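Chemist: Can you read through this structure? Questions will come right after.
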Amino acid sequence: MAATKRAACLIGCPAAHSRSPLIHHYWLRQLGIEGGYSIEAVPPEGFAEFVLHLKTHGYVGANVTIPHKERALQLTEPDERACAVGAANTLYYDGDLLRSTNTDIEGFIGNLDASAPGWDRSAHALVLGAGGSSRAVVFGLLERGVQRIALANRSIERAQALRDLFGERVVPIAWSDIPAALPGAGLLVNTTSLGMKGQPPLQIDLSALPADAVVSDLVYVPLETDLLAAAKARGLRTADGLGMLLHQAVRGFDLWFGARPHVTPELRALVEADLAPK
């Protein structure tokens, strides 16, 4: 590898399905940067060795995906965001020190800012699900100043665990209490896999949501979930999962290649075409 060419990679197992190379190669071309982005299929038993010798493998940083996100936290110097979410998805060097962060938070908030400017005028949000993605969403909303987050999960204990982690602005509610929480929610976010291709649908009557509410779905296959379609039918603004995927990639690129890229309509169209059934 030429000394002038900087390269990053995606470490996962499996990882071949990822659109990250498409996204980063687009930005490299747009910005005229001599660089590369590869996929490294690394099994769990080889992950620690690979990460601890990332420079030796020719990389200035990496994205991390399933099943390595929690292990990456332990092998690096994590920031506040990675610790809060309990997982790292982006690795980068600070001198010889390998640091980690979680860019899902910036991806979620950046997508909302781009798709529904002014979404944060509402002080109340309703978040569905209490998994890893929910932690990133809750952290981002609290950081942005949302005063009350109703958190619905089928297992109320998992929602209570997030309240214990993030404080009393997070209010756990039973899944059956979602209808009662809708009238006061200026933002509704689905962080579950419900509505994803091959998964059960997410069935919620949105008629009680305020007329100026925003609906966000982290699912991006299909691009327009039933939840988003129902929101659009009511005239509500929406933010889809593909937008979050694109925006979460921005900071990693900046850390590795020293230039902050932009999420453009052209990039979105490129990834949409790649996601389309062949």
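Each residue, glycine too, has its Cβ placed from N, Cα and C.
Found this in Swiss-Prot, in case it helps:
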type     : residues                                                      : note
BINDING  : Ser18, Arg19, Ser20, Thr65, Asn89, Asp104, Tyr220             : shikimate binding site
ACT_SITE : Lys69                                                         : active site, proton acceptor
BINDING  : Glu80, Gly129, Ala130, Gly131, Gly132, Ser133, Leu218, Gly241 : NADP(+) binding site
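Give me the structural setting of these features: burial, nearby parts and distances.
Modeler: Around Ser18 (shikimate binding site), the same-chain residues six or more apart in sequence whose CB sits under 8 Å from its CB are Leu10, Gly12, Ile39, Thr65, listed in sequence order.
Lys69 (active site, proton acceptor) falls within a helix when secondary structure is assigned with DSSP.
Reduced to three states, the DSSP call for Gly129 (NADP(+) binding site) is coil. Annotation for Gly129 (NADP(+) binding site): spatial neighbours Ala152, Asn153, Asn190, Thr191, Thr192, criterion Cβ-Cβ under 8 Å with sequence separation of six or more.
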Chemist: Tell me, which binding-site residues from Ser20, Asn89, Tyr220 are within 10 Å of Ser133 (NADP(+) binding site) if we use the C-alpha atoms?
Modeler: none
Chemist: Non-local Cβ contacts of Lys69 (active site, proton acceptor) (under 8 Å, 6 or more apart, same chain)?
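Modeler: Counting only residues 6 or more apart in sequence, the Cβ neighbours of Lys69 (active site, proton acceptor) under 8 Å are Ala87, Ala88, Asn89, Gly132.
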Chemist: Nearest of the binding-site residues to Ser20 (shikimate binding site) by CA-CA distance, picking from Gly131, Leu218, Gly241?
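Modeler: If we rank Gly131, Leu218, Gly241 by Cα distance to Ser20 (shikimate binding site), first place goes to Gly241.
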Chemist: Residues near the shikimate site, Ser18, Arg19, Ser20, Thr65, Asn89, Asp104, Tyr220 excluded, by Cβ within 8 Å of the Cβ center?
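Modeler: Apart from Ser18, Arg19, Ser20, Thr65, Asn89, Asp104, Tyr220, the close residues are Leu10, Asn63, Leu245, Gln248, Ala249.
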